[in-house]
Amino acid sequence: MAKYLVQKSEPLVGEVEISGSKNAVLPIMAAAILTDEACELSEVPALRDVDVMCKLLRSLGSEVTEEYKYNRLNITTKQILTEEAPYELVKKMRGSILAMGPLLARTGKARIARPGGCAIGARPIELHLKGFQALGAKIVESHGYVEASADKLIGNNIYFDFPSVGATENVMMAAVLAEGVTILENVAEEPEIVDLANFLNRMGARIKGAGTDTIKIEGVSSLHGAKHSIIPDRIETGTFMIAAAITRGTVLIKNVVPDHVKPIIAKLKESGVLIDITDEGMLVKGDAQPLTSTDIKTLPYPGFPTDMQSQFMAFLATVKGSSNVIETVFENRFMHVGELNRMGANIKTEGNCAIVQGERGLQGAQVISTDLRAGAALVLAGLTAEGTTEISEIYHIERGYEKFIEKFRGLGATIIRVEE
Ligand code: UD1
């Protein structure tokens with residue numbers, strides 16, 4: 001098992017280039033199986049989760065060519081060989097569930113191992129299944145698998161009880177080939193939904209309204225191949241914004257869409273960080289003035305992203321004053337609190353609220369990366385902690401950040417990866 005050893009850092013200085021979005025590329029790869037023609041994706045991040053999705057697509061019958069050196073992927077699915085996504089792959093990556101909508105639309109059947117809970121919550125899928133049912137699919141569950149089948153999918157009006165990102169994507173991918181019009185209401189508005197809709201429209205789908213709370217889909221009888229470039233990863237962007245702020249450094253972040261990180265910009269500015277948007281990218285300066293506390297509450301987009309909560313909390317542990325962090329999206333997303341406290345932070349939790357007493361000098365310690373973003377938070381905390389921070393279970397981090405430590409090293413950090 002590999003570990004990261006992180007040393008206390010000087011203020012980070014320099015430029016960093018953001019990779020394509022993990023959460024955008026996964027549904028887009030799944031959508032590629034909606035056609036028997038070739039799909040060409042660029043700006044694809046080289047990540048463990050992308051590898052797992054490649055494996056899943058190959059097991060379904062796709063021919064997948066990876067050109068990771070150029071961040072490109074080609075996917076052609078002349079024929080679906082099996083409609084089943086096995087447990088071995090689903091347990092490695094919950095995003096495997098995103099193959100369900102495209103499989104159902106293309107073959108009339110999808111059988112997927114039901115994803116279990118994970119470190120951050122129970123993570124049910126009933127909204128995905130309700131959506132498929134509303135399009136006319138029959139759902140049967142047995143022996144840990146869930147199967148959806150339909151002779152024909154028919155458009156319908158579907159109201160989502162919660163704007164789930166995955167359910168919006170899955171049902172949108174099923175509805176593009178359904179007969180007639182589908183209206184999805186109270187859907188997720190994340191930029192990754194818009195990127196997926198843009199890709200589907202390039203394939204010949206007729207989707208309007210992605211990025212708002214109502215999406216209208218006019219079903220078409222078939223889709224064709226398409227080329228698409230993946231949007232920059234807004235969570236990686238936010239993580240490097242925090243890297244500049246937490247080390248009181250100055251970092252130019254390139255390949256960003258500032259609109260996608262509005263809440264992070266707003267909250268860092270509130271705390272005293274200077275942020276300039278230029279033609280070159282986003283300049284984040286953490287050394288201009290003393291930084292102070294601020295409160296955050298996670299919400300569906302365009303609210304503050306839950307995927308940035310742990311990294312922001314690490315930052316709050318280093319600024320003057322007391323901050324409240326309220327997590328409303330996942331029920332158990334404070335696993336990093338215990339680890340940050342092992343490093344000398346003073347964070348108390350009460351239900352879904354954490355109170356961070358800031359400006360404690362952090363100390364390096366042995367800590368565990370409990371999930372992807374929690375792991376990123378520990379790396380950030382390690383940059384400001386006296387001595388060495390030893391982070392284990394880093395496979396979580398490598399699931400979702402491309403060249404993570406290389407990018408930090410490029411800004412002057414001392415982080416090494418060691419095999420135990
Ligand atoms: C996606 C992101 C993940 C991010 C999350 C919220 C991907 C691959 N992952 O996950 O990084 O943290 O959005 O921004 O894009 N829920 C239900 N029933 C359902 C589905 C979801 O109750 O059928 C609940 C979940 O338990 C959770 C909340 O809705 O409490 C948000 O989940 P959802 O938006 O579905 O997240 P994912 O798509 O799994």
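Cβ atoms are placed via backbone N, Cα and C, with glycine included.
Annotation comment: TrEMBL describes 6-407 as domain 'Enolpyruvate transferase'. Taking the domain 'Enolpyruvate transferase' (6-407) as a whole, pLDDT averages 96 in the prediction.
The phosphoenolpyruvate binding site feature in TrEMBL is assigned to LYS22, ASN23. Taking the Cβ of ASN23 (phosphoenolpyruvate binding site) as centre and 10 Å as the limit, one finds 25 other Cβ atoms among all the protein chains shown. Look at ASN23 (phosphoenolpyruvate binding site): DSSP puts it in a helix.
DSSP classifies VAL329 (UDP-N-acetyl-alpha-D-glucosamine binding site) as coil under the three-state reduction. The UDP-N-acetyl-alpha-D-glucosamine binding site annotation in TrEMBL covers ARG94, ARG123, PRO124, ILE125, GLU126, LEU127, ASP307, VAL329.
Annotation source TrEMBL lists 2-(S-cysteinyl)pyruvic acid O-phosphothioketal at CYS118. Classification of CYS118 (2-(S-cysteinyl)pyruvic acid O-phosphothioketal) by DSSP places it within a strand. Neighbour count (other Cβ atoms within 10 Å of the Cβ, all protein chains): 14 for CYS118 (2-(S-cysteinyl)pyruvic acid O-phosphothioketal).
What TrEMBL records for CYS118 is active site, proton donor.
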Exercise for review: May I ask which of the recorded positions LYS22, ASN23, CYS118 is closest to ILE125 (UDP-N-acetyl-alpha-D-glucosamine binding site) if we compare their C-alpha atoms?
Suggested key: CYS118
Exercise for review: Determine the recorded positions, out of LYS22, CYS118, LEU127, lying near ligand 1 in the sense that the CB is under 6 Å from one of its atoms, and give them in sequence order.
Suggested key: LEU127
Practice item. Starting from each candidate's C-beta and looking 10 angstroms out, tell me which of the binding-site residues ILE125, GLU126, LEU127, VAL329 has the most other C-beta atoms. Key: VAL329
Check your understanding: Just counting, how many other CB atoms are there within 10 A of the CB of LYS22 (phosphoenolpyruvate binding site)?
Key -> 25
